[in-house]
Each structure stands twice: as structure tokens, then as C-alpha cells.
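Enquirer: Got a structure for you, questions after.
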Amino acid sequence: MGSLGSPRSTSIPNSKPSATQNAQVSELETSPSPFPRNLLADKTHMSRSESAKKKIKNKEILKPKIVTGDVGYVLEDVPHFSDYIPGVPSHPNPLQDNPAYSVVKQYFVDVDDTVSQKIVVKQNSKKGTHFRRAGPRQKVYFESDEVQACIVTCGGLCPGLNTVVRELVCALFDIYGVTKILGIKGGYKGFYSCNTIELTPKKVNDIHKRGGTILGTSRGGHDTVKIVDAIQDRGINHVYIIGGDGTQKGAAMIYEEIQRRGLKVAVVGIPKTIDNDIEVIDKSFGFDTAVEEAQKAIYAAHVEAESHENGIGLVKLMGRNSGFIAMYATLASRDVDCCLIPESPFHLEGEGGLLEFIEKRLKENGHMVIVVAEGAGQDLIADSLRNTNHDASGNKLLLDVGLWLSQKIKEYFSGKKKMRVNLKYIDPTYMIRAVPSNASDNIYCTLLAHSAVHGAMAGYTGFTVGSVNGRHAYIPYHRITEKQKKVVITDRMWARLLSSTNQPSFLSHEFIKNVKGEETDLGSHFYLENEYALCNGSITDAIEKM
């Protein structure tokens, strides 16, 4: 176990140290630490005018980095050390001497390579938004022996966490020869509570075969100043942060504080959310595994339902605000009769309601399977049952829609209809979160980790990595934290699901009337040509844009 509590040192000395400072440095050099301290603590005082100038400069640095070009080309670039550290030295990339890469025709990504966010365009379309392409650069801004890296996992569990940790360690060690790598235990709070372990390729060799994370995780615990103090204390200059949108917001704050202090520290995010609700990127790691594992629960529900008279199998899957797992698992299964997600409102009672549809399907087939995302139907749960509490990450604690829906279905058939049903409720949430990643996700985790390490070594910071239209890119933090990705129910993918399940939309005319204030043609919602590209997955947004 290492300690994070020794005196801080800055990365850019600006003046000759005093005798007192020399004594402090001598004490630092002789104190026990897994990382040698080569950087001196510079306590020079700035005048008020210099301090004010620095604050103004920092504000300018923290603005989004936008580069424009011809025909509407826009590059949403990520920060680089050269933006705020004058004269920062570069070095040849050791990758060119790595025997594993000797067969590669082109070692390095071209400096002008970017990835387009939109690939379906018309003849006269503008080029649109681009992101910097991920990959190794010809020049790096760290010598291998000066790198002191740390890795932290935050938030809930997700398949692939251990794989990302393993591949970060192996990429640093095997590709760039970095040997000083720390694991921060227990999430963000581990930075300032002295919870660390040393990571080596040998220690992480088999961890991809296990679920969870060997570093442990937690929600909350983010204290920007304490975390950056700890990073500075240990001389850490590579920070790899694995977590969801809340975690990446925290990473952005860490990066901003590091820039304010003028430290040569690369802060890199690797987005993690099992719900696949991170904006811009194609998908998040662990999503494929989650969809695959959800099939087992759906299969079990189908067997139970099919084996009993009027059998109903109800499966609750993850999806707090986005129903991607439920939608893709339903499409993959083909055994589902009804899929309910947060983006698509539904009503229980009356004509065109869910209960009427369940009754109809039972009379037709004698059984049915329902998949519901955890965030669906929250507005229907009685006010007396609503919970306004939040977890440590600030997420609203949702009520169990599966239990609530089970009770409503039983009440409907035992009361008004006097019809006996046999309902089995399955919640595989924690089983899915805890499994190791599958082959597809293992490969994806490797690519994400390698992209992250290449970017940090090349001097980029304040970014997250992800696949955009099949190409890995470096994306500014604000682009993945400003909003969540949601299922667009006016898109063809949702129409494919409706075609597969043969379920109605469940949208009532009253709902649309309340939203728009006038009668609207219900049948047009799912096939609008323009609206689905404009709305953020909400039928309300789609109707507003009609």
C-alpha cells in the first residue's frame, strides 16, 4: 500500500530554489516512495498582476478548442500540453522500435487525421463536426522512465472493467516501457485515502477472466482539490479514469484544476456505462455482454411462460434513462411480445393500453413475455410511492417498475377479468453486471485502452476515447457529459422492434394532445424523415418539432 500524503511538487519549476527549498527537496528525495520524485517544489510568489493574467489565460485555455476549415469543416479538438506549457519537449516514439509493430506499414496516425461524426451526407452537405483520430503519434511528450501512471474505476460494475485495467497496464508496459503504474482502490476517494496498489503485467495477467474490478469501485467521493493534491504529491503524470457520465464530469473537473496549476499531467477518460447512454460514441464497453447475458433471462422467462396456462414472463433489464439493452435484447431474442423503455411512454388502463394488449396476447397465444427497462413507467407509479432520494453519484433512486407492474397485472386479471394468470418476474440486473466481458467486448476494451495510452503519451489531455462511426477518436469531455444518448423512437430501429413484437405504440391521443395542445396524427410518429435526427430520443421533442 502506498501513501498519498507527502508534500506536493509542481511539474514546471520557474526559478532557482532557495536553501529552504533545497532542504525540502533533499527530504523528499530520501523519503520512501514507490515513485522517485524528480520534480522540484516551486513556491515562488507571483505578483497580483501576474496572478490575474494567469487566471485570464486559464479561462481562455478551458474554452472548447474548435478548429474550422473549408466547406463547413469543424474539428472539436482536445487539449494538448503545448496549449498551456511553453516549450514542452517532445521525443521520438519508441513504438517504431517495438518488434511487435515491425510488420505495420504505417506506424503513426497522420497529424491531420480526423473522424467525422456524421457519415450519411447529401451531395451538397457541409463537412460537419469531426474529432481527432486516436492512435500513436510520431512524437511523444513523455520519456518512458518519467511516466508515473494511475488507474481508477468509479461508479457501478460493468462487464469489461478488469479487461480495460489489464490492457492499460499492458499497453503502458509492453508498448511504451512504462513500469510505474498504480491502481487507485475504491473509486475517487481512493486518491486521498491512501488506497493504492502497484500494477504490473504479471498481477493483471488473468483478471480479464473475472467480473467486477480488482481495484474496487464506489459512487461519489469526488473532491477535486484533494484528488489533484494527491496526484501532485505522488508525481503522477498519467491519470486514467474509467467510469460513466458522472465520473467523466469529475474527470473534467480534475483536468481543469490540473491545467490551472500548470501541471504536465495527462487526464484521460474511458467511458463506462452498461446502459450505452453516452453521447457521440457508437457504444460503451460491456454493452454487448449485457445484451448477450440478458438473452438468458429472457429465455428463462419464455420457458416459464410457455409451460403454464396464461403464463407471463416479466423481465426487468437495466436502463435508467435509456432503453438500449431492453431494445437490443428484445430484437436479438425474438421471444418477446412487448418491450417497454423510458423513452416511449405507455398507459395501463383503457383502450390501447398495456393491460388490454396483455389480455389480447394471452387469448391469442396462451402466454407472453414482457421486457421492461428499469426507468420505464416511473411517471405511472403512484405519487405516494415516489422516491425523491438520490444515490452518491446524484442519480435518482428508481422504484422497482417490475414489481409494480407485476402487481398491476395480477390485480387487473384477478379483479375485473376474473382470469387466472401465472406470472414469473425475473430481475437479472446484478447477475449481468458481474459477469466477465465476452469476446467482442474484450477486443473493444483493448482498443479503448490502447487509444487512451497513445493519446496520453502524445501529450493530449482532458479527453475521453471512444468509437465514432467505427473509428476510434479523442473526444472532449463536454461532448459526452452535456446530455445522455437515448433511444430515438422515431428511428427505424424502434420501428423494427415494433414490427418484431407486434406491440402497439401505447401512446394515447390525450398524451399527444397535452404535449402539442392539438390533435396529431398518431401514425406518423415512427416514420418521420427529419424529426428523428433532431430529437434526443424523446417523443415529446419529436412532437414539438413537427
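Don't overthink the numbers, they just go from 1 along the chain as shown.
Here the Cβ of each residue, glycine as well, is placed from N, Cα and C on the backbone.
Just so you know, TrEMBL annotations never went through curation; they're auto-generated.
Reproduced below are the annotations present in TrEMBL:
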- Asp275: active site, proton acceptor (ACT_SITE)
- Asp245: Mg(2+) binding site (BINDING)
- Thr273, Ile274, Asp275, Met318, Gly319, Arg320, Glu374, Tyr430, Met431, Ile432, Arg433: substrate binding site (BINDING)
- 1-32: compositional bias 'Polar residues' (COMPBIAS)
- 40-55: compositional bias 'Basic and acidic residues' (COMPBIAS)
- 150-454: domain 'Phosphofructokinase' (DOMAIN)
- 1-55: region 'Disordered' (REGION)
- Gly246: site 'Important for substrate specificity' (SITE)
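Structural setting of the listed features?
Expert: Around Asp275 (active site, proton acceptor), the same-chain residues at least 6 positions away in sequence with a Cβ under 8 Å from its Cβ are Ser284, Met318, Gly319, Arg320, Asn321, Ser322, Phe324, Ile325.
Within the same chain, the residues at least 6 positions away from Asp245 (Mg(2+) binding site) whose Cβ sits under 8 Å from its Cβ are Pro271, Thr273, Asp277, Ile278, Ile480, Thr481, Gln484, listed in sequence order.
Cβ neighbours within 10 Å of Gly319 (substrate binding site), excluding its own Cβ and spanning all shown chains: 29.
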Enquirer: Cα of Met431 (substrate binding site) to Cα of Gly246 (site 'Important for substrate specificity'): how many Å, rounded?
Expert: 23
Enquirer: Given the recorded positions Gly246, Thr273, Glu374, Met431, which one has the fewest other C-beta atoms within 10 angstroms of its C-beta?
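Expert: Minimum Cβ neighbour count within 10 Å, taken over the recorded positions Gly246, Thr273, Glu374, Met431, occurs at Met431.
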Enquirer: Can you tell me how many other Cβ atoms are located within 10 Å of the Cβ belonging to Arg433 (substrate binding site)?
Expert: 20
Enquirer: Give me the CA-CA distance between Gly246 (site 'Important for substrate specificity') and Arg433 (substrate binding site), in Å, as a whole number.
Expert: 18
